[in-house]
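Peer 1: Sharing the record's features from Swiss-Prot:
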BINDING   7, 8, 9, 10, 11, 12, 13, 14, 15, 16, 17  ATP binding site
BINDING   187, 195, 198, 201  Zn(2+) binding site
């Protein structure tokens, strides 16, 4: 069976890739550049992950229209990336409006062309309070969209293997699978050293600390987010 992996270069997509690789599937990987602040580092990580898992069939997509639309601190330099607020329930400035729907649409198109039956995405329900397109109900609904919007003989399913996991569980699972976390990047702000203070860095650092492991990525600062 053939599967398309949506690989941002982040921790979650890395572990989703490791899980798909363990299944023995024929893998193809897609990476999307949408004008995010750390696009160069994310692309570098995507390529390193593909080499690590022997993924030859790759597609690097330019989706700069999401940057032109704006509305997110990830794509608009005039909107600052705020400090971590792990207890917050509001939609953060880093939310890219309807981003994952755009990514999935491109992945479905490619899957139809290359005959893939599954699309893996490292979405996590734990993030859904801030990112509505990380909810399980969203992916269930999108599977219906695929069924009704593709050729009758097309059979493509979105697979979200991490959807019910916590970030700590994702790190633990990645360790069990010997996933190369040093080839992943989570920081929203920086491409040299991870900032350590944005929401994504905070969630990652807290997850590694929760399982008693050191994150191999280099940080400007490493606050203790377990306190």
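Glycine is treated like the rest: Cβ placed from N, Cα and C.
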Peer 1: Taking only the Cα atoms, work out how far residue 17 (ATP binding site) lies from residue 195 (Zn(2+) binding site), in Å, as a whole number.
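Peer 2: That separation, Cα to Cα, works out to 25 Å.
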Peer 1: Calculate the distance in Å between the alpha carbons (Cα) of residue 15 (ATP binding site) and residue 187 (Zn(2+) binding site), and round it to a whole number.
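Peer 2: Pair distance, Cα basis, whole Å: 17 Å.
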Peer 1: Would you list, in sequence order, the residues of this chain other than 187, 195, 198, 201 that have their CB within 8 A of the centroid of the site's CB atoms, where the site is the one recorded for Zn(2+)?
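Peer 2: Here the nearby residues are 81, 186, 188, 189, 190, 194, 196, 197, 199, 200, 202, 219.
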Peer 1: Setting 7, 8, 9, 10, 11, 12, 13, 14, 15, 16, 17 aside, what same-chain residues sit with their Cβ within 8 Å of the center of the Cβ atoms that define the ATP site, listed in sequence order?
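Peer 2: Leaving out the recorded residues gives 49, 122, 184.
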Peer 1: From the binding-site residues 7, 9, 11, 13, pick the residue whose C-alpha lies nearest to the C-alpha of residue 198 (Zn(2+) binding site).
Peer 2: 11
Peer 1: Between residue 13 (ATP binding site) and residue 187 (Zn(2+) binding site), find the distance joining the two CA atoms and give it rounded to the nearest Å.
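Peer 2: Per the Cα atoms, residue 13 (ATP binding site) and residue 187 (Zn(2+) binding site) stand 14 Å apart.
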Peer 1: Sorry to bug you, but what's the C-alpha spacing from residue 201 (Zn(2+) binding site) to residue 9 (ATP binding site), rounded to the closest Å?
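Peer 2: Residue 9 (ATP binding site) and residue 201 (Zn(2+) binding site) have their Cα atoms 14 Å apart.
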Peer 1: Using a Cβ-Cβ cut-off under 8 angstroms and a sequence gap of six or more, which residues of the chain neighbour residue 201 (Zn(2+) binding site)?
Peer 2: 84, 186, 187, 188, 194, 195, 219
Peer 1: Non-local Cβ contacts of residue 7 (ATP binding site) (under 8 Å, 6 or more apart, same chain)?
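Peer 2: Sequence-distant Cβ neighbours: 13, 14, 17, 29, 30, 31, 46, 49, 50.
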Peer 1: Counting other CB atoms within 10 A of each CB, which of the binding-site residues 13, 17 comes out lowest?
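Peer 2: Selected from the binding-site residues 13, 17 on minimum Cβ neighbours within 10 Å: 13.
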Peer 1: What is the Cβ neighbour count of residue 15 (ATP binding site) at a 10 Å cut-off, with all protein chains included?
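Peer 2: There are 27 such Cβ atoms around residue 15 (ATP binding site).
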Peer 1: For residue 11 (ATP binding site), which residues in the same chain are close in space, meaning a Cβ under 8 Å from its Cβ, but six or more apart along the sequence?
Peer 2: 167, 170, 171, 174, 181, 184, 186, 204, 207
